[in-house]
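If you look up TrEMBL, you'll see A:11-18, A:36-40, A:58-61, A:122-125 marked as GTP binding site. The annotation Mg(2+) 1 binding site is assigned in TrEMBL to A:N22. Residues annotated as Mg(2+) 2 binding site in TrEMBL: A:T25, A:G26. Residues or ranges marked as domain 'FeoB-type G' by TrEMBL: A:4-171. TrEMBL lists A:279-297, A:335-359, A:379-401, A:413-439, A:445-473, A:510-530, A:643-666, A:678-698 with the feature transmembrane segment.
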Amino acid sequence: MAKHINVALLGNPNTGKTSVFNRLTGLNQKVGNYPGITVEKKQGTAKFGRASTVHILDLPGTYSLNASSLDENVVIELLLNKKDKDFPDVAVVVADVENLKRNLLLFTQIKDLGIPTILSINMADRMKSKAISLDVEQMEKRLNTKIALISSRKNLGFDYLKKLIENYNQLPTKPCLNASNIAPEYFDRLRKAFPNQDLYKLWLVITQDVNFGKLDRNELQGIATFQTESASNLKRMQQRETIVRYQYINEILKETLTIDTANAKDLRSRLDRVLTHKVWGYVIFFSILLLIFQAIFDWSEYPMDFIDRSFAALGEWTKTNLPPGQFTNLISEGIIPGIGGIVIFIPQIAFLFLFISILEESGYMSRVVFLMDKLMRKFGLSGKSVVPLVAGTACAIPAIMATRNIENWKERLITILVTPFTTCSARLPVYLIIIALVIPDIRILGIFSLQALTLMFMYILGFGAAIFSAWVLDKILRIKTKSFFMVEMPNYKLPLPKNVLITMVEKTKAFVIGAGKIILAISIILWVLASYGPGDFNKAESIVAEEYASQNLTPEELDHHVDSFKLEHSYIGKIGHAIEPAVRPLGYDWKIGIALVTSFAAREVFVGTLATIYSVGSDDEQTIKSRMAAEVNPILGGPLFNFASGISLLLFYAFAMQCMSTLAIVKRETNTWKWPMWQLVVMTAIAYVLSLAAYQFLK
Amino acid sequence: MATIASLKKGQRGIIKEFSLEHVPLKLLEMGCLPGNEVKLVQIAPFRDPLYLDINGSHLAIRLETARQIEIDLI
């Protein structure tokens, strides 16, 4: 019998929920956003046993059903809304065998909602080494549920978990404990006012607003007329609820769980002694960062060269083998170079995501938060700002979303505002190509490549700009918020290759496809604008022939002059010349000006734009790099990309806010256009002034 | 009056009372409840935040919060 089952995966952060998700779904997953908000939504499908299709939703990690962040709120909204298409038929609570006590708090809350709930205890393979023994049968009886002991590391227990999910309708749905005895009189009043509602659900709906603020939701009828308690009374009741739940859990664990602590060898404390050391901690952190940058620059050189040459050859091949015409030109001059301009950066972006995913999976990131908190606070940031700032080296969008767990609004806002300064992977294409053009390829002390050091410097510059502007913002922003900071220090784990690989593939794919769409569209528009023009454009052949009549040029040379004449008089040429006065003081010609303007959609468009502009009308099999190297400055002569204009461009890309998607996310996260507009104007102004100063000083 | 902030590295205490105004519910949910044991595992450079083991939960909180939670030293 084929059926469709909705499963929700729930659990505390760091219980290995994502590994369980990966084990159950493999590569059949989709990452999207919850409607209306930017919290990541991971879904996957799997086929279990007798052809049941199982739809699995990986919900954000939560400590309880008392929302205090957007992530937690998503979970509660889903569990309270039976009409949601993702509403689970069965909830799987993933718990870590070493943190059962705390994990069970969430479990008992979900159970009280009357949803069939399976307790899946992860990392069961560690029980022996940690001297933990568990009376599963007794625990199942006490918690009124089914328990699956699993290990995603050793791939154990998943067949049983799948079987439990398949037979979810046999699970008991009775609640574990009666929350109403924390304040019988209040709950009586509730029961009388809303006779048809589930009591615990009511309680969650009411208290959610106390902790998190009013939310859009279908209001319960009559809630306005109900005599409510003061917020502080409700808080006290929630405290009592937590205590009651813990008492209940302690009682059960006393009967079912024994831990022989004497036997537990503690790798955590030994590693922590080194990794959070006041000297070695920082040395290790910065060495890791250095290693990442060296890898990005050095190791990815070979696959990148290969991709670069392949695309140049492909463009050439289409041109000679497809029937000549405008459509062939569009493909070979517009689409292929445009796409090539983004595909080439796959190796580097993949490396970056690889490292970030390893740092997060291993539990090291939390130690960095711990190590950096006091330091970051001096700049108005939080230790938790380190994660967005490091993740920002991949992409500002997930980085800004990662600020959600910063509890203090002022620290969070500052982090959101300064994160776009960190060097995201979209800047890499621009940096790499310009560094390769203007910085000599030599090694210092025979080890460090000067080009790699320049790249490293660009990263430090971005980070420095972020820190400095945070410090300024801390001084000028007048926001009073209560500060609270808490970070869990998970046990160290060896990252699962499968998890790291899935993250790397998924994120790289999302990046390439997301940016690819914009680049493809812009490439086509640019090609059209560069291939057509008004007036003189259409008489290019005769005008050029007349002009060079006396010079006895070969047909090839003449063609070349016709092509550049056409480009200059095309629509894009007209636009470029119109904006040239604004970019000339920075050392750029009109072509770079066009690339700069299109880059405001997304930075990585820069290389694609130049690739398209330089490809139009040229039929040599050449890489974009060699074409850029051959460009001549129309006024001063000499190469267009020289040290002065190169540095100026690097600075412009380091500081300017050129990413529409980031602006959209900032708007969403701050709920106003004020902050994204502020970023756009201020960052671009800083970029312009610094580039101007650099070029004028260096030229 | 001893608080979590007065613990020395490796030292333990039993959590006493604290005001809900200053200690958020989140911390209670992590096991920071009256009667539970707390141990100071590590102190970050510049003496803040503190890395604690509260009732089996390993977490870091800032000094200002730690000062709000009274304990009995053991």
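Placed from the backbone N, Cα and C atoms, the Cβ positions cover glycine too.
For A:M123 (GTP binding site), the nearest neighbour among the listed binding-site residues (A:N22, A:T25, A:G26), judged by C-alpha distance, is A:N22.
The binding-site residues in question are A:G11, A:G26, A:P60, and the one with the fewest Cβ neighbours inside 10 Å is A:G26.
Note on the transmembrane segment (A:379-401): residues 38-40, 349, 352-353, 356, 359, 365, 368-373, 408, 410-412, 414-416, 418-420, 422-426, 459, 463, 466-467, 470-471, 473-475, 477, 485, 487, 507, 511, 659, 661-662, 665-666, 669 of its chain, located 6 or more positions outside it, place their CB under 8 angstroms from a CB of the stretch. Ranked by how many other Cβ atoms sit within 10 Å of their Cβ, the binding-site residues A:N14, A:N22, A:T25 place A:N14 at the bottom.
In sequence order, A:L9, A:L10, A:G11, A:D58, A:G61, A:V94 are the residues of the chain that are 6 or more apart from A:K17 (GTP binding site) and have a CB within less than 8 Å of its CB. Taking Cβ pairs closer than 8 Å, the transmembrane segment (A:445-473) reaches residues 290, 293-294, 296-298, 378-381, 385, 389, 392-393, 414-415, 417-419, 421-423, 427, 431-432, 435-436, 439, 650, 654-655, 686 in its own chain, all 6 or more past its ends. The binding-site residues in question are A:E40, A:M123, and the one with the fewest Cβ neighbours inside 10 Å is A:E40.
Sequence-distant contacts of the transmembrane segment (A:643-666) (same chain, six or more residues past either end, CB-CB distance under 8 Å): 38, 396-397, 400-401, 416-417, 420-421, 423-424, 426-427, 430-431, 434-435, 437-439, 458, 461-462, 465, 514, 586-588, 592, 596, 599-603, 606, 633, 675-676, 679-680, 683-684, 686-688, 690-692, 694-695, 698-699. Here the transmembrane segment (A:279-297) has Cβ contacts under 8 Å with residues 348, 351-352, 355, 359, 367-368, 371, 428, 432, 449, 451-452, 455-456, 459 of the same chain, all six or more residues outside its ends. For the transmembrane segment (A:510-530), the list of distant contacts is 31, 329-330, 333-335, 337-339, 341-343, 346, 349, 395, 425-426, 567, 570-573, 575, 594, 598, 601-602, 604-605, 608-609, 612-613, 616, 661: same-chain residues at least six beyond its ends, Cβ to Cβ under 8 Å.
Taking the Cα atom of each, A:N14 (GTP binding site) and A:T25 (Mg(2+) 2 binding site) are about 19 angstrom apart.
If you compare Cα positions, A:P60 (GTP binding site) sits closest to A:N22 out of the binding-site residues A:N22, A:T25, A:G26. DSSP assigns A:T25 (Mg(2+) 2 binding site) to a helical segment in the three-state reduction. Across the structure, A:G26 (Mg(2+) 2 binding site) and A:E40 (GTP binding site) are spaced 18 Å apart at their Cα atoms.
A distance of 16 Å separates the Cα atom of A:N22 (Mg(2+) 1 binding site) from that of A:E40 (GTP binding site).
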